[in-house]
Structures are given as structure tokens and as C-alpha cells.
């Protein structure tokens, strides 16, 4: 039985795809355009969102040295204990929303977003408590009391931003996974422009000082959330994905957390390792110089990181969409293209850094010692930016596939088993100073890239497509089953709720399709597709048949219908279970999946076997037999009831009815 299940799984995504499936992968040039159209607005939007906190600190910088030190420390504390965690948890939507959108289950996106916002809001409560006691926490770590007090006040006034940041990231992911990215950029730009006015009004106009800058950050984040929320609810582009508030959002929280917590660890483990560099730099000889140069390097790295970050978000969307749609070849092509883009970007950016390393240092300081030190650090930064870009896009691939748990383990080993210890060893034991700290982190990034490359190269993309569809349809949420074969709306595997038999929506009206259940198959369906052709005067004698469709909605060879040849004798593998076919009945020999065959001419008051005459077609399959339903009744009696599950041996059975003017074959693969 396990062998049968395995064969059926292989039939879902064959190892040797047919020509139509391979055509699902777009040309390389088209894939490059798609990714750049996604990445460009996302890069700009990320830069504009980061400007909000930068502008707030800049306003505080004009108030004096102590307020600036407090605001800087509070911003770092907020990033480590709040924003990084919420950003990582929201990244679970890259997988859930992206694969659901690719699978055509658009209504799930709104439910996933509501669920994420609810859980992220709950997670913000204990984080807000930690922010309220920022000053005491900093004192425990030996910080200066005056700076700790200033940082504590700044963090308390910025607490409302924490409750806005989660919904903001959820809205961004919700739109991003639908390939709607220009509104994200526009909303971030409008918010950044408003933030300048808000900060001036609160800091200078109302005289609130550094507290006004912190409150201005919160106000601007809420403005950004409001703009995106209005767009989602008003735009026709989101009419299918946002269907209003649903109680389903409060269910299956553990299912979301199983992805959200590893996602948060992926982000936090990497983010925190760079924050450790700043702390370690304070222990070096000449800490003022080391800390200043390292801060310049970190700020530069953060700005440069926005480009691969946009590419990582783009590939996450592309991979999740293609896997959800059942196009593994297209997903694999997208990964290859983004790797090429990441390497190209890293080489170009590195060349610019090397050529302009002395110019960049003078933009920060006139001290010759600082300029020379920054120039040396730019050489190291050029190398780290190349590998950081590669790991960023590979992390995006991991999010698109749902590998967050694997990514968390990779980051833990790369940064805390290799990176941070190497940084300490090179900086303090080998006395390489700040360059040693950065070189150690590069060692961690190289290990991270190597592990992610190995995982990606060994990926079975066909298996990932199957897992993506299972993730969408295994959810407790109701799903929309496809009603018509189409390349734009492919057929997908279905796993209904465990306590229900599968209800197959298969309605046919002339020129249209209705959404009402027309048949049941027991036990539960593992996967299914429908093949249909227009009837002819004698279709069995006029091959080839019109195009049929495979699991992905792509045309399959017309010869697949030439299996209908009669009369034929059933094979020995199923003869013990199947009734012998009448001499006038054709036999369908599939050898891959189970099949339910039925025909009902339009305007017929009773069931009829149509082109098959008085005899129903027998079924020959090396795995099992599915009874064809309904049988041909006599003119004087109504059709008998469908066979029960017990009558079919408790294994498989089926009935299918309700078509007009069409002959239909449904391939069904069952779950054992």
C-alpha cells in the first residue's frame, strides 16, 4: 500500500515533466524583468522606511550630545528587542501568502494577514513592557546612568511605534506576495515626507525635544499603516485577496507560529550578531576611534544591504508564487536568475566602494586617521557585501519554500559557532582591531552562504511544489477548488478536512461553469484534475481527441485519450477486484491514477451512458478499481443509489454526475 501511495505521489509531479510543464518556465529575460520590477520598488520602499528613524535621530542630534547618545542607544535597543522580532515573525507571510496566491486561493491572503496582525499585536505587549523599563535594563548592563535615563525616556515615547510596526510589515507582505509593490513604495515615500513635518512640529514647534522625535516615529508608522490599509480595502487589485474580516483569523494560531518563530530566529540571529560587533568594539584599544569607524561601516553596510534585501524579497515572492502554482521549473529558473543578479550587484557595488574608499571617509570626518581607517574598512566591506547579498537572496529562497526552521539553524551555526568567535579571536587574540571584528563576521557569512548553496542545489523542486500545495490545502481554512482547466488557473491537489469526504465541484453549463458540488469521491482525494472534450457523433471512432489538461492546467498529448479502445479484457492485476467488462464496453487503462467516468446528456431525465451504449465502461488499473457511476438504468425505473463505501470494499469508490453536452474523464489520486 505504501508503494501505491508513493507511485501516486510521483504521478502528482512526475520526475520527467512533459513538454507543456517545461514551457511553464518563462524565458530568462522575462524572469529578469519580473524580478527587477519587484525588487526596485521594494528597495526604494525599504530605504524610505529606514529614513524615519534616521531623521528622528538627526533631529535629536541638534539638541545636544546627551540626547543624541540616548536616542542612538534607544534605537539600537528597540531594534534588538522589538523591531527585529516583529519583522521576522511577519516574514512567515512570505511563505503562506505567496504560496496561497500562486495556488489561486486568493481569499486566504486576507485571513493570513489578519491572523498575523493579531498575533504580532499580542507579541508586542511583552515587548512594550521591556521598552518601558529600558533604563533599568541598560543599567544592568553597566551603561552610564545619564545616557540610560535618556534612552529610557526615548523608548517609552516610541512604544506606540511598536504596535504599528507589526501591522505595517503584515500589509507590506500581503501586497508584496501579490506582486503589488509600487503602492508600498509610494506609501513609504509619502510617510517619509510627512515625517519631516511631524518631527519639526513636535521637536521644535511644541518643544518636546527628544521625546517629540520618538513620538514622531510612532505617528509616522501609524500613518504608513493607515495609507496601506486604505489602499488594500479600496483598490480593485485586492478585491479577491481582501474579503473582509473573518473569524477564521483567530484559528490555527499554532500553524502560523510554526513558521513565524523560526522566521523571527532567522532575522534576529543575524541582526544581533552585528549589534554584538558594536559592543565588542568598545572593548578594543582606542575605543573612540574603533567605535566611530565601525559605526560608519555599519551605516554604510545597512544602506548597501537594501539592494540585496529587495532582491531577497522579490525571489521570495517569485519562488512562493511558482511553487504554489505547481511550476517547479519556473521556481528553479527564478533562483538561478536571482543568484546572477546578486553576484552582479555585489561585484559592481564592491568596485565602487574600492574606487571611492577615500572619498567616502571624508564625507564623515576630516580627521586623517579616521579617513585612512575607513578606507581600509571599505576593502573588507566590499567583500562582505558580495557574500551578504548572496546569503540575502538565498534566505529569500528559504522563506519562499518554507525552510525557516532550516534557515534558523544555519544562522545559529554560521554566526554564533563561527562568526562571533572568529571575530573575537581575530580582533583580540590576533590584535586586528575593528577590521578583525568585521573579518570574523565575514567568516560567518561565508559559512552561511556555503550551507544555503548546498541546500539549494540539493533541492527537489518538484517535491517542493507538492509540499507548497499541501501547505495551502492542508490548512483548516476553506479552499476554493478550481472549476475549469486553465493555464492561468491550474488544477491543484486537494486535502479536505479529515472528517469530510471530498466534494468535487464539477458543474457544466453551456459556455459557463457554476460553483456547486456535483459529486463525491470516498475516501479523501489526494489530488485531481479533469480532462474534457466536446462530444462528437461517435467520439470513440474519431481520434485524435481535442486537447486535455494535466494537473497544472497545461495541455497533454491528445493520444492520452486513445486509451479508450474497446472491447478489452481487464488485466490480471485488477481482475480479482473488478467485474468483467461487457463485450460492448470500452476499458480505460490508466496505470497511474484512479478514474471516475460518467456521462449525462443534456435534457435527459434519467442517467444514460451516452456514447457507450447500454454498457458502462469497465476500469483497468494496476492499483485498484473505481466503480463507474451511475449505471445505465432501465426506462421504467429510477437510477439506483450510489454504491456505499462498504460495498466497494472500504477502499475506493466514486460517483460522478451532472454534465451537459460533454464527455468528461476525471483523473483522481487518492490518499491511503
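These residue numbers are counts, starting from 1, taken along the chain as shown.
Backbone N, Cα and C atoms are what each Cβ position is placed from, and that goes for glycine too.
Note that the structure is a prediction, hence the values are computed from the model and not measured.
For 1-28 (among others), the entry in TrEMBL reads region 'Disordered'.
Same-chain neighbours of the transmembrane segment (42-64): 70-72, 75, 154, 172, 176, 181, 184-185, 187-189, 191-192, 195-196, 199-200, 203, 209-210, 212-214, 216-217, 220-221, 224, 302-303, 306-307, 309-310, 313-314, counting only residues six or more beyond its ends whose CB sits under 8 Å from a CB of the stretch. Annotated transmembrane segment per TrEMBL: 42-64 (among others), in sequence order.
Sequence annotations record features per position, and here TrEMBL assigns transmembrane segment to 76-96 (among others).
Per TrEMBL, transmembrane segment is recorded for 116-134 (among others). Outside the transmembrane segment (116-134) by six or more residues, the chain places 74, 77-78, 81-82, 85-86, 89-90, 92-93, 148, 151-152, 155-156, 158-159, 162-163, 165-167, 169-170, 173, 249-250, 253, 256-257, 260 with a CB less than 8 A from a CB of the stretch.
TrEMBL lists 146-168 (among others) with the feature transmembrane segment.
What TrEMBL lists as transmembrane segment is 180-203 (among others).
If you look up TrEMBL, you'll see 215-234 (among others) marked as transmembrane segment.
Summarising the annotation, TrEMBL assigns transmembrane segment to 255-274 (among others).
Feature annotation from TrEMBL assigns transmembrane segment to 294-316 (among others).
Residues or ranges marked as transmembrane segment in TrEMBL: 337-361 (among others). Using a Cβ-Cβ cut-off under 8 Å and counting only residues 6 or more beyond its ends in the same chain, the transmembrane segment (337-361) has close neighbours at 28, 31-32, 35-36, 39, 296, 300, 304, 307-308, 311, 314-315, 318, 370-376, 378-379, 381-383, 385-390, 392-394, 396-397.
As annotated by TrEMBL, transmembrane segment applies to 373-394 (among others).
What TrEMBL records for 406-430 (among others) is transmembrane segment.
Within the chain, the transmembrane segment (436-457) has long-range Cβ neighbours (under 8 A, six or more residues past its boundaries) at 273-274, 277, 280-281, 284, 294, 297, 335, 377, 380-381, 383-384, 387-388, 390-391, 394-395, 397-398, 403, 406-407, 410-411, 413-415, 418-428, 430. Taken from TrEMBL, the feature transmembrane segment covers 436-457 (among others).
What TrEMBL records for 535-589 (among others) is region 'Disordered'.
The feature compositional bias 'Polar residues' is assigned by TrEMBL to 557-566.
Residues or ranges marked as compositional bias 'Low complexity' in TrEMBL: 567-586.
Long-range contacts of the transmembrane segment (215-234) within the same chain: residues 49, 52-53, 56, 59, 157-161, 164-165, 167-168, 171-172, 174-175, 183-184, 187-188, 190-192, 194-195, 198-199, 202-203, 208, 242, each at least 6 residues beyond the stretch ends and with a Cβ under 8 Å from a Cβ of the stretch. Listed by sequence, the residues of this chain that lie at least six past the ends of the transmembrane segment (76-96) yet keep a Cβ under 8 A from its Cβ atoms are 108, 112-113, 116, 119-120, 123-124, 127, 130-131, 134, 137-138, 151, 155, 158, 162, 165-166, 169-170, 172-174, 176-177, 256, 259-261, 263-268, 271-272, 275, 278, 313, 316-317, 320, 396, 399-402, 404, 471. In summary, the transmembrane segment (406-430) lies against the transmembrane segment (255-274): three or more C-beta pairs, each 6 or more positions apart in sequence, are under 8 Å.
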